[in-house]
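K.L.:
Dropping the structure in here first, questions after.
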Amino acid sequence: MKFTVSLVAKSSARLGSLSEFTRIPEAVLETPLLFLHTRGAAVPHLSYDLMQMVSTENHILQMPLVTLVDHTKNVKAFGKGIAEFAGLKEYLNYVSVQDSGTTTPEGYHEKNSISLWTRGGRKLIDPQTYITCIEALKPDMFQAIVDGDTTSNSSVKRVRRSVDDTVKFAGICADLKEKSEVLKDTPMLACITGGYNIKERLRCITELKGLGVAGYVLEGFHTNGESATNLSWEDLEPVLTETLGSLPDNLPRAFHGPVTPIILLKLVSKGIDIFDATFPWLVAERAGALIFPNTLPKGKAPITETLPSVKSPALIAQNERDGSLGNENNKDELVDRVFEINLKDKLYFNDTRPLVEDCSCYCCRKYSRSYVHHLSATSELQGPILLMMHNLHHYINFFRSIHLAIREDQLQALHSTLEQFVTSRRSGKLDD
Amino acid sequence: MSRHPLTFQVLAQCKTTKAKCSLMTLPHHVVETPVFMPVGTQGSLKGIIPEQLEQLNCQIMLGNTYHLGNRPGPDLLESCGGLHNFMGWPRNLLTDSGGFQMVSLLDLAEITEEGVKFKSPYDGSECLLTPERSIEIQNAIGADIIMQLDDVVSSTVSGPRVEEAMHRTTRWLDRCLKAHKRPESQNLFPIVQGGLDPKLRTESAKQLMEREVAGFAVGGLSNLFSGGEGKDQFWRMVHLSTDLLPNDKPRYLMGVGFATDLVVCCALGCDMFDCVFPTRTARFGCALVDSGQLNLKLKLFGQDFRPIDEKCDCSTCRRYTRAYLHTVATIETVACNLITVHNVAYQLRLMRNIRESIMNGTFVEFIFNFMDTMYPKKDFPVWATDALRAVNVDLIDRTKEQNPDS
């Protein structure tokens, strides 16, 4: 695999490409890049045919081992790798450790192994077993096994330990990879951990020097799932600045997890090259359709309708604590829905408009909000299918806009458009 | 010139059985019969999109009035031009009356001459589904074929209740016909009742045939499917009903869908079928094949790298293996889409094979091959053997000349 940086913006944002993958040599993927998140080697709700209706371009599928480890024996017997096993050999694939879209329970780190929470329960995986699994899956790229079990609340001792183990694991992986006929030429991404402790982050980078890696994954800032949606940029930024400043420019940097579009843009500005589509998935799971402006402003306001206001979750939590709200708000509502509309809302019962005006996705070309509301209200499987198709389409276009913005030095304008959108949705009476 | 928005042209008649192959034209699309109609209860076929159904060449599917009448409700459907528009299905729809589901889903349904009285499952209030209301909802939904509200009685019931229901069904048909506001675009089918009593069935058919309608349904038999004695009585009533009903109008046998049932009931002269079985079993990870079902959740499929059916050309079988489906069946929703597509393809291909064999005059051979594949040990169900014998097909002694006169 080859990573080429073609342009660096005034911020540290980079435009680049991943290419020269052995299995699909003609594929060239532009960065910042959106990996398509999968579970059980399938994009949630979408079979190959439906994926093709969303996009016919080349994509890389992100395949968390945690959703595959129960079946590696069968994939091994199949012999041709997970992509073909899952009927998706047209796509490149990257095996990661955890499912960045699903919260990983904290506190289950072990001395020489990590915990993978599968359907059957907790599985302990050491680096040797990990590499054996990767050999069975034969991915086009994979992540080194990592102890990323830290958050902003973690103790120094925990953070230090996560760095020690991550470095140790990386060494073993690199060693085994070199000796493996199957994996010796497969690009591996090493993980930088260290929580929110700059010193530990830099130590991690130093101790990983010399390891032949194809790029880096910045782990240890969250424990996946909703915890990635609630990142504090204030806490994150200084650590990122130092960390990225010490990494070589010529290797790609990945940040896994369902970060919000605004955090995503900030991460792009800092020099992150690879993200995943877990955010659009989580939104679809809660019957949400993404509507945030995903293109550069072209003069007129991107969204002309008055959307329902969305309080910030922090505000809701505050109100719950001092009792100024009724008890209709449950834990669900602590999720920030400012980037989406909630199709379960009765508001959309007879709304004949598409999810997003001028959206060219399959769902918006064909169906009304009213129909999607009906599917959501009756828990029909077609609901999440249509929402996933729309949300992925919306996000893929978002990434196109990001490329354009970097090229034309308009990243700040894209960012402002998004900030303005969020501000306008936050205003509105509390007892709406 | 048909007085109804339906034409029915018989293309070929089997010379041995009562099977026939026909072309039915409805407002939205043609339908080749015998036809199997998949069921899309709440305005979608669970887990698949309309384009996939079109690709499978599904020409007509079902929607349930009871569910749709509640959510999203007839007013919304009317305001957006009907269910076709709402769900993006450009081909034909058939809706049931809502009565059957009410009786089977609701504890306290009470049937009076007025209609079906029940307690709303949403707020407990008392509701009444009358023939007029059922037609009103079905007019709003806009299906190409709509069903009368019938007084449906479980076939396990006997005695005067069955006769009462049979007569009431005719009276309710008349009320439905009167209330029907869109006869130029929707065909109203009556439903032959009469339980398991040949006299009552005959009387029911006779009465319904006095009305000017485009087709007929045979009802009250779908809960006899749990094998054994029930199936024996079931086929006799089907056989009787098709003898009575005219050959130049479609005959719809409600609720029938297992492969063997479809083959036999085609031989008995039915043209239209519906059943939730293929789509429901898909959601449980079961794929339909000529020898029955494959429960893909079983570990034995973990390293079976063949498609569900090597001879199947559906999009699932062209790309996915049993082994992969085993890993995702009932776990990832994509499995539902994949297996549903295959099961619908299976059912539609079965019907296509039936039609082709009738056209070619080889339907009897088709029946033999089908039964041999489904029952390799030759343990044919007794009811099927008896039913086929009634239409001159002898599964056991195949040397016998298969001739209606022998």
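Here the Cβ of each residue, glycine as well, is placed from N, Cα and C on the backbone.
I grabbed these lines from TrEMBL:
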type: DOMAIN; residues: B:17-374; note: domain 'tRNA-guanine(15) transglycosylase-like'
type: ACT_SITE; residues: B:Asp96; note: active site, proton acceptor
type: BINDING; residues: B:Asp96, B:Ser97, B:Gly98, B:Gly99, B:Phe100, B:Asp150, B:Gln193, B:Gly220; note: substrate binding site
type: REGION; residues: B:255-261; note: region 'RNA binding'
type: ACT_SITE; residues: B:Asp274; note: active site, nucleophile
type: REGION; residues: B:279-283; note: region 'RNA binding'
type: BINDING; residues: B:Cys312, B:Cys314, B:Cys317, B:His342; note: Zn(2+) binding site
K.L.:
If you count other CB atoms within 10 A of each CB, which of B:Gly98, B:Gly99, B:Gly220 wins among these binding-site residues?
P.N.:
B:Gly220
K.L.:
What is the separation, in Å, between the Cα atoms of B:Gly220 (substrate binding site) and B:Cys317 (Zn(2+) binding site)?
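P.N.:
Approximately 36 Å lies between the Cα of B:Gly220 (substrate binding site) and that of B:Cys317 (Zn(2+) binding site).
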K.L.:
So of B:Cys312, B:Cys314, B:Cys317, which of the binding-site residues has the fewest other Cβ atoms within 10 Å around its own Cβ?
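P.N.:
It is B:Cys312 that, of the binding-site residues B:Cys312, B:Cys314, B:Cys317, has the fewest other Cβ atoms within 10 Å.
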K.L.:
Between the Cα atoms of B:His342 (Zn(2+) binding site) and B:Phe100 (substrate binding site), find the distance and write it as a whole number of Å.
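P.N.:
Between the Cα atoms of B:His342 (Zn(2+) binding site) and B:Phe100 (substrate binding site), the distance comes to 28 Å.
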K.L.:
Near B:Asp150 (substrate binding site), which residues of its own chain have a C-beta under 8 A away, given they sit six or more steps off in sequence?
P.N.:
B:Ser97, B:Gly99, B:Ala165, B:Thr169, B:Trp172, B:Leu173, B:Pro190, B:Ile191, B:Gln193, B:Gly219, B:Gly220
K.L.:
Kindly assign B:Gln193 (substrate binding site) to one of the three DSSP-derived states: helix, strand or coil.
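P.N.:
Assignment for B:Gln193 (substrate binding site) reads coil.
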K.L.:
Roughly how many Å lie between the Cα atoms of B:Cys317 (Zn(2+) binding site) and B:Phe100 (substrate binding site), rounded to a whole value?
P.N.:
35
K.L.:
When you rank B:Asp96, B:Gly98, B:Phe100, B:Asp274 by Cα distance to B:Cys312 (Zn(2+) binding site), which of the recorded positions ends up on top as the closest?
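P.N.:
Result for B:Cys312 (Zn(2+) binding site): the nearest of the recorded positions is B:Asp274.
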K.L.:
Would you mind ranking the active-site residues B:Asp96, B:Asp274 by how many other Cβ atoms sit within 10 Å of each Cβ and giving me the lowest?
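P.N.:
If we count Cβ atoms within 10 Å for the active-site residues B:Asp96, B:Asp274, the smallest count is at B:Asp274.
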K.L.:
What are the DSSP helix/strand/coil residue counts across the region 'RNA binding' (B:279-283)?
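P.N.:
Its residues divide into 5 helix, 0 strand, 0 coil.
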K.L.:
So of all those recorded positions, B:Gly98, B:Phe100, B:Asp274, which one's Cα sits nearest to B:Cys314 (Zn(2+) binding site)?
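P.N.:
Its closest listed neighbour, by Cα, is B:Asp274.
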